[in-house]
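Everything below concerns the one structure shown next.
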Amino acid sequence: MILSIESSCDDSSLALTRIEDAQLIAHFKISQEKHHSSYGGVVPELASRLHAENLPLLLERIKISLNKDFSKIKAIAITNQPGLSVTLIEGLMMAKALSLSLNLPLILEDHLRGHVYSLFINEKQTCMPLSVLLVSGGHSLILEARDYENIKIVATSLDDSFGESFDKVSKMLDLGYPGGPIVEKLALDYRHPNEPLMFPIPLKNSPNLAFSFSGLKNAVRLEVEKNAPNLNEAIKQKIGYHFQSAAIEHLIQQTKRYFKIKRPKIFGIVGGASQNLALRKAFENLCDAFDCKLVLAPLEFCSDNAAMIGRSSLEAYQKKRFVPLEKANISPRTLLKSFE
């Protein structure tokens, strides 16, 4: 088995993945959302301190799953990029300690690659090559995944990420963090879903294949300020619905532009923000229109988790892509390349 560790942001997670058949044997996770909610976003120093507390607790649960028999573990895998430096280092320190004490090889995994492999948890075979939309609090990307060693970025955000924009809109409406499920519920509760959108679709007439949410976010801010004296629940629902609809339509329009160029046969959606049901439905319709197979990460594995890191590290294990402890380091940025 491979013991995998994830600590790139505000989720502490450990998992055990069986090498022979890619089955997830154990998966444990502690979310920090309640600790960061009062700040309206993740506080790096607080996240680091909580990882230092939570990772050892999760390791104890792993020990119970193994009946304290660590001989079943053949390698340690750790997310080392991209992410918050102060949280990545907490996971890396644990991984190094385990690798040294158990005399096991160390695998360094890219967090974005891990999200791609969230599509294949509990599956020995992958459906690569495929294209992937990754939407989360930190990223809005289209990736082309040819195989484990060839995953490249073909489109990214010029400013805020999709998930980050939901967090900021929720904060504008004084509704808390994380904003994704909060704004999604506002949209679901809105009673007039068929009216024309009140917010502009970003980059609608731009030839660039990219994402942008800052202009949409600013339009929401102006609407909130206009209604500030009477920002009741009905108005919040209206703003939430129209913002979500415009944000998703922007993803659809840009992805449609990509589809017309590349005509992918298989398209995946991953990342924490991919739990949004309206987004999933919109992409079902888009893929149907282009005769493209849609694959979705299971809801429980959309947000950051060690199971996806364990699954992706199986490929590295088979290729013996191990890293000496003295060369193991972290990076706040991904080293995945962009297509020219």
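Quick reminder: no glycine exception, Cβ is built from N, Cα and C everywhere.
Substrate is bound by Leu134, Val135, Ser136, Gly137, Gly138, Asp167, Gly180 in Swiss-Prot, and the record lists one more residue there from Asn54, Asn276, Asn285, which is Asn276. On a Cα basis, Gly180 (substrate binding site) lies 18 Å away from His115 (Fe cation binding site). Listed in sequence order, Leu112, His115, Val116, Ser140, Leu141, Ile142, Leu143, Val270, Gly271, Ser274 are the same-chain residues at least 6 apart in sequence whose CB falls under 8 Å from the CB of Leu134 (substrate binding site).
Within 10 Å (C-alpha to C-alpha) of Asp304 (Fe cation binding site) lies none of the binding-site residues Val135, Gly138, Asp167, Gly180.
Around Ser136 (substrate binding site), a 10 Å sphere centred on its CB holds 24 further CB atoms from the protein chains shown. Neighbour counts of Cβ atoms within 10 Å were compared across the binding-site residues Asp167, Asp304; the minimum falls on Asp167. Same-chain neighbours of the Fe cation site beyond His111, His115, Asp304, judged by a C-beta within 8 angstroms of the site's C-beta center, are, in sequence order, Glu6, Ser8, Thr79, Leu112, Gly114, Ser118, Ser136, Gly271, Asn305, Met308, Ile309.
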